Structures are given as structure tokens and as C-alpha cells.
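In Swiss-Prot this protein carries:
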{"type": "BINDING", "residues": "R46", "note": "NADP(+) binding site"}
{"type": "BINDING", "residues": "R124, A125, S126, G284, K299, P300, T301, P302, S303, R326", "note": "FMN binding site"}
Amino acid sequence: MNTFGRELRITTFGESHGRAIGVVIDGVPAGLPLTEEDIRKELDRRMFCHIHWLNPRCEPEEFEILSGVKDGHTQGTPIAIVIWNKKAISSYYDELWMKPRPGHADLAYYLKYGKFYDHRGGGRASGRTTAAIVAAGAVAKKLLALVGAEVAGHIVELGGVEVKRPYTFEDVKKSWEKPLPVVDDDALAAMLEVLRKNAAEGDSVGGGVEIWAVGVPQGLGEPHFGKIRADLAHAAFSVPAVVALDWGAGRQLAKMRGSEANDPIVVKGGKPGLETNKIGGVLGGITIGEPLYFRVWLKPTPSVRKPQRTVDLAKMEPATLQFKGRYDVSVVPKALVALEAMTAITLADHLLRAGVIRRDRPLKDPVV
């Protein structure tokens, strides 16, 4: 389906080369300050137009808030946001019809929808559609701010180049002042060179990002079906190109003995907390007031300019294709912004589920 969430529900729509993409957000309380600038700020973070290899389409996001907002505040009714597609060049995809691109969703969509699916630009499976997710994430981040919570992410690996130096949450936020959100300047320089090299060779690279959520209240999540980690994993895998997820110290925990893996419980400001937080802020599927953090791994962009083997579905014969359209050398930076958004949406949904934020009455104005 195309809807995510329980109390805060988002429904996305549209295809890469259709007239528009968009999102309907239901469950936002009345009285939340929200402007077009709030949406634009997040959409602009997704662009990376200053690095041509990451966004050759570089489409300025022309959007409209169609409903649910009046005089700079939400009304408590569904918020509809439409984002217009302006720079699609569909002719690039004429020769690809009935020749599924390896690594793309083309084959799966053909098997499920037959000849009725829109293959242009990847259609519904395109990374372009994550712009709608990012727009919804802008609203969710405003909800998180009501309780003093914030979400931020950064790139930890790109094309085999890894960030190895230690860092803080403040370092993660400041990394967005750089060409790419990378806390290590040496790693950043190497990543930019990897992007340049692969663009010249007509290839692509994958990588990994890390998402942080700080200030999240304790008690969110359920013991079994509705665990906060399970819901966040569901959210993460809703973003195109995601192939794996590590929570907290992740696979490193699996290599430790129990005495090493356990986080000592200590008193922090008169309350119980964790001394080390290798577990990533969640125990038993429930938040405990510590920072949440997890890493998400993404495959390389399937569209490359190198010849690839496929099948001509009309003839059921082997075929070779070579993509000639525009493509991102790496989906990692744009996916990072979408993953931030899905994290914020999931946490805001849990805040509403738990009654931390109520929607049976207007929020105070101004919001505190």
C-alpha cells in the first residue's frame, strides 16, 4: 500500500515522470506552526545541486500546500502537498520499454502490474518520489520539536571510503555545512573524488548513513508488535535502495561477550540511564530516554552507462542495454534526507500513539 503510520498517517502518490508527486498527511493536531518555508528548507537539503554528479536533473522543487494549513498554522485536517515534476525527459526511456534494467524495480513491476506500469524514470519506484516523504518529514520534525526531540543524519561510508574518527551529535549537525554531510574532512575529500571518478566512468557507488534521534522521550514503543526498532526498520526499508540496517553498535555487538556488550546502568541527573549506550537507546523495543542511532546501507544506483545484460520481454530473448539518461552517481546523499524524514515521521506517530502529543484539542499558540 501507499500509506504509512497509525496515528500520524502519510499517503504518497505520483510517479517520476508524471505531472506531479505528493503526499497527504493525516493526524497532525490543529495549531502547529507550519509554513511553505518549513517544507522548502527540507526539500532544498535533498537537492545537492552543487555536486552535479549527485543530481543532474537538479529539479527546483515547485510545490503547493493544497489543504490543512491556514494563516501559518495547521487546521487539524489532512495536509495535502503536491510537488510538480518539471524537468523529466521521458524520451531517454523509449528504448528501455520491455527491457527491464538490472537492479531496478522494472522486472518486479512488470511481473506484478504487467504492461500497465510506468517505467519512465523508474516510475513509482524512483528515488524522485522520496521528495514527497521529505515534505512529510518537515511536518513531523515540527512535531518532534514540541517535545525537544530532533533528528539528524550523516554519511559514514561512500564508495568504500569510511569515516573513522570519533564524533558527537553536534558534529553530525554541523557536517551539513559542508558539500556533503561528512564529519571527517579527509573522508569527505576522498568521497568527492570517488564520485568524480565513477561519474567519468559511467558507473555508480553505494554506501552507508547514520541516523540520530536525540531528546526522544522514554516509553515509546511496545514489547512485541510495535517495537520502536521494528517500526523504524520498516520506515527505513520504505526508502528505495536500502539493503541493510544496523542498530546501535549493530554487528559489533554480535561479536562481543555479554559482559562487554551490556551498557552499565547509572544515575544521570537523578534518573537511571546508560553509561555507554551501545544498544542505541532502546531496550525491549521501548525507548529509555537515551539517544537513538542506527546505520542504514544503500546499494549503488542501478542506472549506469556501462552495457548490462537483460531480456527483451516482448520477444523473450537476451538483450543488452546501455542507459543514456541522467542518473545520480550515488543515491546515498538524497536517501539520507529521506531516511531522516521517515525516522521523524515514525517517532511523531509514536508520540501521538502514546499521548505525549494530543490531537483532540488545539496546540497552544505560541507552541512551547
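Cβ atoms are placed via backbone N, Cα and C, with glycine included.
Bear in mind that the values here come from a model prediction, so they are computed numbers and not experimental data.
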R46 (NADP(+) binding site) - helix vs strand vs coil (DSSP):
coil
Calculate the distance in Å between the alpha carbons (Cα) of S126 (FMN binding site) and the residue listed as 'NADP(+) binding site', and round it to a whole number.
14
Would you count the other CB atoms within 10 A of the CB of R46 (NADP(+) binding site), including those on all shown protein chains?
23
So of S126, S303, which of the binding-site residues has the fewest other Cβ atoms within 10 Å around its own Cβ?
S126
In Å, rounded, how far does the Cα of R124 (FMN binding site) sit from the Cα of the residue listed as 'NADP(+) binding site'?
18
Let me know the most crowded of the binding-site residues, choosing from R124, K299 and counting other Cβ atoms within 10 Å.
R124
Could you give the Cα-Cα distance between R46 (NADP(+) binding site) and T301 (FMN binding site), in whole Å?
16
